[in-house]
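Undergrad: According to TrEMBL, the record shows the following:
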| type | residues | note |
| --- | --- | --- |
| DOMAIN | 2-113 | domain 'Plastocyanin-like' |
| DOMAIN | 128-274 | domain 'Plastocyanin-like' |
| DOMAIN | 373-506 | domain 'Plastocyanin-like' |
Amino acid sequence: MSNISRLCHAKQIVTVNGRFPGPTIYAREGDRVIVNVTNHVQYNMTLHWHGLKQIRNGWVDGPAYVTQCPIQTGSSFTYDFNITGQRGTLWWHAHIMWLRATVHGAIVIMPKAGVPYPFPKPVQEPEIILGEWWHKDVEVVEQQGSMLGLAPNMSDAHLINGKAGLFFPCRDMHTYALEVEQGKTYLLRIINAALNDELFFAIAGHNMTVVEIDAVYCKPFTTNAILLTPGQTTSVLLVANQVSGRYFMATRAYNDAPIPVDNKTATAILQYKGVPVTVQPIMPQLPAPSNTSFAMDFNVKLRSLNSPQYPANVPLNVDRNLFYTIGMGVNPCPTCVNGTQLAASLNNITFEMPEIGLLQAHYFGIKSVFTLDFPDNPPVTFNYTGAPLTANLGTSLGTRLSKIKFNSTVELVLQDTNLLSVESHPFHLHGYNFFVMARGIGNFDPAKDPAKYNLVDPPERNTVGVPAGGWAAIRFRANNPGVWFMHCHLELHTTWGLKMAFLVEDGTGSDESILPPPNDLPAC
């Protein structure tokens, strides 16, 4: 626990090595990484290495009660994994309760020694971590929401590298500044570590060139702003080619749904070398908070590099078609203030977390922990994005997994629904990257929409934003055996049960089988 003050409010927060954000892990493609974690706080803890595929090694992936049981107070666990076939910007974070609000940091994976970037070499590569701040303890905020059966309070500010900027109280001590030199090129490794908000990011007077997303190189394109859903990373080239001065970097929420979000703008400063700090920075023109056209256009521009060295191996044939509806329902809750509780669901199933790790139960053949009957399609077909539905909003509860044949190709369409309200949903798939074949507004049409798929160079990601009142289609090859979590990366919705898991069958040879568990695997 560390004492920290932001916006003139002091409190204790959970930190790693006393730092907020936490320390950056630097490695190279092909490295073995060993992280020793000792839990000195009163909360159970797990860490997730967001976007690392953890090939055959789900034991160290990190989501509590899915691939491991938590590290209990006073105990330790060693995360031991290889970085295979990945390079770029990823991140790590707590994966239990809402603790990732303060327990998070960057993972920077450099190319193998002697391998250049497929873009101009920068002089510096700073990490820019976007986050959220609550005056209250996030665990208390989460508990209050659960007791009321309603959405917990939104954050009090956004942050850039742990600081809110000049437009908040106690601003002088809490503004991040990046010094640059005229004419030089910088690689900004930008991470959305916020719990609940999609975020725009822009720099006054400067364009950015997007070169990598979720640790995958992409076709470069220039933009005056970028959009990241929670969990996504974007690396951009910035050329310090403007008049020497001071320029604000700024972030604020994107929200095109009729629900409240934290609409405050956090700022940092791009400081040209030699310019006095008394010079007033210039503010960028961020897209409007509900600018859906910018959001859709930005995502359309994202395309895999698809070069001979970095090909896009898009599955062209599909073995398994899945269609998952995303819903917000209401279930009875005798202990809640109003007698009901908001619930989130996929195909009308609200996921119940087990009390033992799912991978552990699968590997050791422990019965009655989960079932393998998660449906491929919703139980009822309806006008998913039509008028809001107000009746029959109850969901089914269960720990139900979807069994996937090893090495099969999977297409999954994620469809938002207007149960209570449409909302955007960033979905993260553990253990895999996937190709985002297309996104759209309205109901997915299986007869017409596949014609819109990009089969040549679609973006390859680990987290996809499903538009409010829309859909996203992804494809991946199930070549990593184990139990792998898939969930909305809005912590609010994950808490309400918007999650599931895939059981990918073991292969027939020893190379495809799951590695044995570590000796110090935490017990439940």
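Each residue, glycine too, has its Cβ placed from N, Cα and C.
Curation does not apply to TrEMBL; its annotations are automatic.
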Undergrad: What does DSSP give as the helix, strand and coil breakdown of the domain 'Plastocyanin-like' (128-274)?
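TA: Counting residues per DSSP class in the domain 'Plastocyanin-like' (128-274), I get 11 helix, 70 strand, 66 coil.
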Undergrad: When the pLDDT values for the domain 'Plastocyanin-like' (373-506) are averaged, what is the result?
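TA: When the pLDDT values over the domain 'Plastocyanin-like' (373-506) are averaged, the result is 95.
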Undergrad: What is the three-state DSSP composition of the domain 'Plastocyanin-like' (373-506), stated as helix, strand and coil residue counts?
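TA: Result for the domain 'Plastocyanin-like' (373-506), in helix, strand, coil order: 9 helix, 58 strand, 67 coil.
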